[in-house]
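J.: Feature table excerpt (Swiss-Prot):
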- 1-25: topological domain 'Extracellular' (TOPO_DOM)
- Asn5: N-linked glycosylation site (CARBOHYD)
- 26-49: transmembrane segment (TRANSMEM)
- 50-57: topological domain 'Cytoplasmic' (TOPO_DOM)
- 58-79: transmembrane segment (TRANSMEM)
- 80-100: topological domain 'Extracellular' (TOPO_DOM)
- Cys97-Cys189: disulfide bond (DISULFID)
- 101-120: transmembrane segment (TRANSMEM)
- 121-140: topological domain 'Cytoplasmic' (TOPO_DOM)
- 141-158: transmembrane segment (TRANSMEM)
- 159-196: topological domain 'Extracellular' (TOPO_DOM)
- 197-220: transmembrane segment (TRANSMEM)
- 221-237: topological domain 'Cytoplasmic' (TOPO_DOM)
- 238-260: transmembrane segment (TRANSMEM)
- 261-271: topological domain 'Extracellular' (TOPO_DOM)
- 272-291: transmembrane segment (TRANSMEM)
- 292-312: topological domain 'Cytoplasmic' (TOPO_DOM)
Amino acid sequence: MDGDNQSENSQFLLLGISESPEQQQILFWMFLSMYLVTVLGNVLIILAISSDSHLHTPMYFFLANLSFTDLFFVTNTIPKMLVNFQSQNKAISYAGCLTQLYFLVSLVTLDNLILAVMAYDRYVAICCPLHYVTAMSPGLCVLLLSLCWGLSVLYGLLLTLLLTRVTFCGPREIHYLFCDMYILLRLACSNTHIIHTVLVATGCFIFLTPLGFMTTSYVCIVRTILQIPSASKKYKAFSTCASHLGVVSLFYGTLAMVYLQPLHTYSMKDSVATVMYAVVTPMMNPFIYSLRNKDMHGALGRVLRRLFQRPK
């Protein structure tokens, strides 16, 4: 089957992680609840930061963008899952699958790059506090975010275009929650060696480079904090980094569970890792960042009071 016929006629069946009607009902309500919590948490973070002038700083600017990315990410995948749980027709078109894959790759990459920029922000704030205002100027923050978006869009486009060169034949049944690059390559009947090599090489660069940068930044941060004589100032400095470290650990940990395995052993039933990476991480990020943050507590409290305040 050539590429033109494939794009016009083929479709995939997103069978999910269970074909039992009873389990699908349980999964529907579970994912719906998690989706609503994720949307509410990230929207509140964005509203709190945008409405409080005290939070108009580089750290919270990038946090608001991280929340927006997580919001977009779950909206790209979960609504289709919910429809499939309730429908007998679980088909997704070839174009729809590629579109979902494009946004999936782009948004995961964007999350990764924003986390790296946030690590740089913490490095400058703790290791070079006297230069923080100039080093993290509004113009530079916008430039860094624009670079993150640009690289993410290009990387998503690259992988999606590579997948259009793949020929699919036989049953196009995806025992998975959404269209994923590794899953689709498992369904290919053409030679995917070159595409897999490009995928691994570019993935290592896109994800391991920021991880290495974050690791180096935190080594410098820890060394600087250990030199602070005051115990209270040490605690304050550590607490400003703890939330970011928690999110980074959750992000890379779940990503590694899903993707750090050879293509031929990639499991279509690896449901726990998939749910962690696709749903739990975006849901937990707002809680991790607001858990011990007094400024965020205050801003969220003011937003909630305005939302529920009765008009006089």
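Cβ atoms are placed via backbone N, Cα and C, with glycine included.
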J.: Who are the long-range neighbours of the transmembrane segment (238-260) in its own chain, taking Cβ under 8 Å and residues 6 or more past its ends?
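T.: Long-range Cβ neighbours of the transmembrane segment (238-260): 59, 66, 108, 111-112, 115, 118-119, 122, 125-126, 182, 203, 207, 211, 214, 218, 221, 225, 270, 273-274, 276-277, 280-281, 284-285, 288-289, 291-293.
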J.: Taking the Cβ of Cys97 (disulfide bond) as the centre, how many other Cβ atoms fall within a 10 Å radius?
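T.: Excluding its own Cβ, the number within 10 Å is 23.
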J.: So for Cys189 (disulfide bond), how many other CB atoms are inside 10 Å of its CB?
T.: 11
J.: The topological domain 'Cytoplasmic' (292-312): which same-chain residues, six or more beyond its ends, come within Cβ distance under 8 Å?
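T.: Result: 44-45, 47-49, 51-52, 54-55, 239, 242-243.
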J.: Please give the sequence-distant neighbours of the transmembrane segment (26-49): residues at least 6 beyond its ends with Cβ less than 8 Å from one of its Cβ atoms.
T.: 16-18, 55-56, 60-61, 63-64, 67-68, 70-71, 74-75, 78-79, 81-82, 85-86, 279-280, 282-283, 285-287, 289-290, 296, 299-300, 302-304
J.: If you count every Cβ pair below 8 Å, which range out of 58-79, 141-158, 272-291 shares the most with the transmembrane segment (197-220)?
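T.: Out of the listed stretches, 141-158 contacts the transmembrane segment (197-220) most.
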J.: Kindly report the helix/strand/coil residue split of the topological domain 'Cytoplasmic' (50-57) according to DSSP, in that order.
T.: 5 helix, 0 strand, 3 coil
